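Now, the feature entries from Swiss-Prot:
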type     : residues                                                                       : note
ACT_SITE : Cys377                                                                         : active site, nucleophile
BINDING  : Cys255, Ala256, Ala257, Pro258, Gly259, Gly260, Lys261, Asp278, Asp304, Asp324 : S-adenosyl-L-methionine binding site
Amino acid sequence: MKHKKTSSRAIAAQIMLQVLDHGKSLSTLIPAAQQQLDAKDIPLVQEITFGICRVLPRLEAIIQQLVTKPLKGKSRLVHCLLLVGLYQLLYMRIPVHAAVDEVVNATKLVKLDSFRALTNGVLRRFLREQQTILAKVDKHWQTLHPEWLVNMLKQVYPNWREIMDANNQRPPMWIRVNTQHCTPQDYSALLGDLAVKTTNSSACLPSSAIQLVNPLSVDKLPYFSRGWATVQDCHAQWSATLLAAKNGEMILDACAAPGGKTTHILEQAPQAKVIALDIEESRLVRVRENLARLGLTADVRCGDATTPTKWLADDVMFDRILLDAPCSATGVIRRHPDIKWLRQAGDISELVELQAKILSALWHRLKPNGTLVYATCSILPAENSEQIIQFITANPDAELIEMDFNGEKAIMKQFLPQQNGGDGFFYAKLRKLDK
């Protein structure tokens, strides 16, 4: 991509090509593309690309009805332009002529002008035959999920359709109030003064969590730059609460990026000695930014959680460890819809193996009577309850501790997407017995 402002539709198509053909994530591609876009076009590109990922099978089925010969090689970008055009026509309030013309004109910008007529013809044929085409397509279009994931969810959850429906919805915006500055009630009042509607209707939520009825830019949040609030899903906010760090304790936040959990730990225990670890240096930039905004201090380190000896002195042990383990992220598909197409069935066993290695390595660095909170944003038992059962079976010095979710007790807790308005999360809390 060239470093100049260009068509938002062309950029959206190029991003989708990277997702579908090269396995890149939207969370990486969109920030990288922002320098090529006018600021006003960034939300449009986000809406188009995230939206396409949510409903991809339906759009692909429509293209199959309209294009007799698959678009391959260089023309794959034309295929992605058609995805952009169809998404606009079906799901966005953009005038039809503008939706079509912008995509057709983009063929020239991406040096595929020879496909201009085909692109125009396909989109206009869809408009003429939309009712007939959708009647055919929608007989078979149902879950908008890859077959391997549908099968996994069917085996575990009787309400698998509800889960997938939830995955296809737009996620709400949750914030975490920094109680070092004000109470959640007072912050809700500040939002109310700005005519921002909020809710926190479920009892099974951290007290710091507030849901905004309509998403809001962070620069519009009261005193955001001064650290009064952080954007974080309500179920993710249980991580630090369950850890229950105390001032003076030695704490490890493993897999810490982008820093929401690290900062929450320090909001609750400002004098705790926290090491924030992540394997990617580039991801630690966000951790440092979040710490600075909130005026908090942690020891930020780049390292592999499976090999603590490479980033930690041999005699250092932790009172508490928060392990938000690498996972399939199947609980946050509504926030990252590209996950459906980036993950493969074979990834799950590899992730389970990695989680087990990290658990084992970090367990040796936990003090006797110390606690470890294991968390994932997955809804697959292999990464969650099965992983924990296998671990405590293999480690006689590990025991599960009952957790309290505002009066709802559990020794292992699986939140599903949309439950309480939150993302899918799993939690288990382990104590290391002094043997």
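Think of each number as a place in line: the chain as shown, counted from 1.
Keep in mind that glycine also has a Cβ here, set from the backbone N, Cα and C atoms.
Taking only the Cα positions, the spacing between Asp304 (S-adenosyl-L-methionine binding site) and Cys377 (active site, nucleophile) is 20 angstrom. In this structure, the C-alpha atom of the residue listed as 'active site, nucleophile' lies 13 angstrom from that of Cys255 (S-adenosyl-L-methionine binding site).
Ranking the recorded positions Cys255, Ala257, Cys377 by how many other Cβ atoms lie within 10 angstroms of each Cβ puts Cys255 at the bottom. In sequence order, Ala236, Ser239, Ala240, Asp253, Leu322, Asp324 constitute the residues six or more apart from Lys261 (S-adenosyl-L-methionine binding site) in its chain with CB-CB distances below 8 Å. With the fewest other C-beta atoms within 10 Å around its C-beta, Asp304 stands out among the binding-site residues Gly259, Asp304. In the three-state DSSP scheme, Cys255 (S-adenosyl-L-methionine binding site) falls into the coil class.
When every Cα pair among Cys255, Ala256, Ala257, Pro258, Gly259, Gly260, Lys261, Asp278, Asp304, Asp324 is compared, the largest distance found for this S-adenosyl-L-methionine site is 19 Å. In this structure, Lys261 (S-adenosyl-L-methionine binding site) is part of a helix by DSSP.
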